[in-house]
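Going by TrEMBL, these are the annotated features:
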type     : residues : note
COMPBIAS : 256-326  : compositional bias 'Basic and acidic residues'
COMPBIAS : 327-345  : compositional bias 'Polar residues'
REGION   : 235-345  : region 'Disordered'
TRANSMEM : 62-83    : transmembrane segment
TRANSMEM : 103-127  : transmembrane segment
TRANSMEM : 139-157  : transmembrane segment
TRANSMEM : 163-185  : transmembrane segment
TRANSMEM : 197-219  : transmembrane segment
Amino acid sequence: MGDNESGEPAGLKSGASFWTFDFYQQFFDVESKQVGDRILWSMVPKPGVSYLQSYIRPNPDLYGPFWICTTLAFTTAITGNLANYLAASPAETYIWRYEFRKVTLAASAIFAYAWLIPIAVWGLLVWRGSRAKISLLELLCIYGYSLAIFIPVSILWMVPQDWFKWCLAIVAPVLSGSVLVRTVWPSLSHDTKKVAISIAVFILVLHATLALGFMLYFFTAPSAKVPLSNTAGNSSNLLPVSPKPEVEAGPGGSLVEDKKNVSKAESKDASDSKKKQNVDVDKGKSEINKDKKEERDVIDVKQKLKEERGVDKQKKHIDMGNKQKDYTQTSVSVKGSVNATKATA
């Protein structure tokens with residue numbers, strides 16, 4: 001990927017094997033000054049100067065794009081959480097927890113945009129038979145550096161002012177997107193004007209969509225939060241709550257009529273609550289009476305069983321007494337017979 005000052009696209013080093021260290025080293029062979037210039041002029045369009053020819057084509061790299069995407073992923077996730085924290089009212093207490101999943105979402109969106117969109121644009125240019133050749137490596141480099149403007153913007157998005165956030169969301173993609181379109185335009189100019197403009201608008205719209213998606217998802221605070229007292233044991237972030245029902249104002253819109261409506265609504269709620277309490281009390285009383293009745297039935301059954309057992313015992317005693325009496329009488333009669341027999345003899 002040596003220096004190439006001509007209009008030909010810079011490619012890979014010839015003879016470098018995919019399995020050697022030199023093959024991957026060529027993607028990171030860049031100086032600090034080159035990285036700084038590419039970052040600066042990817043944010044600001046430079047009239048009369050081709051960004052591709054002056055800054056990228058001599059030595060395209062992946063070092064800057066990789067670290068720009070990584071830095072942007074972390075700054076977006078961190079500042080997005082801080083923006084939600086700062087948006088919470090200091091006069092009230094809320095549950096706020098850092099959302100680590102935002103790091104994953106930000107990294108996935110950024111790296112997907114920095115890799116998939118350049119590949120799609122390059123494939124579209126090849127399909128349309130572009131005469132002004134631009135390599136895939138150059139497109140990856142251009143798109144990676146075009147995201148550098150969103151690093152400072154993501155920090156400024158923490159300011160809790162909606163108009164300021166929207167200004168940044170419009171200005172930032174317009175500046176860096178215009179550099180993208182001007183860089184790719186020579187490869188589109190050979191095509192029909194309608195197709196070329198459509199592709200250019202498509203590139204600019206995708207760039208703006210990324211910026212708006214970042215602002216709306218990571219830097220827009222919830223409209224309503226749940227107080228700490230109502231979220232015991234809840235591990236979620238600032239949760240939305242349903243708004244309280246509004247009381248309709250009187251036809252004249254006067255304060256007295258509003259108060260009357262409020263008092264009517266309150267009295268209605270109180271009566272409904274009282275009715276509900278009375279129903280609950282009656283239900284509780286009926287359940288208590290039912291339980292008492294069941295207890296009395298059990299006691300009666302036990303008493304009957306006890307009485308029946310006493311009668312049985314008494315009958316047994318009488319039977320035993322009668323048997324003993326009969327036995328005694330029989331014994332006496334037997335002894336008398338024996339004695340009479342002896343006397344006769």
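Glycine residues also receive a Cβ, built from the backbone N, Cα and C atoms like all the rest.
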Proximity of the transmembrane segment (62-83) to the transmembrane segment (139-157), 3+ C-beta pairs under 8 angstroms: yes
Intrachain neighbours beyond the transmembrane segment (139-157), with Cβ under 8 angstroms and 6 or more residues off its ends: 38-39, 42-43, 51-52, 56, 60-62, 64-66, 68-69, 71-72, 75-76, 79-80, 83, 110, 113-115, 117-119, 121-122, 164-165, 168, 172, 175-177, 179-180, 183-184, 207, 210-211, 214-215, 218-219
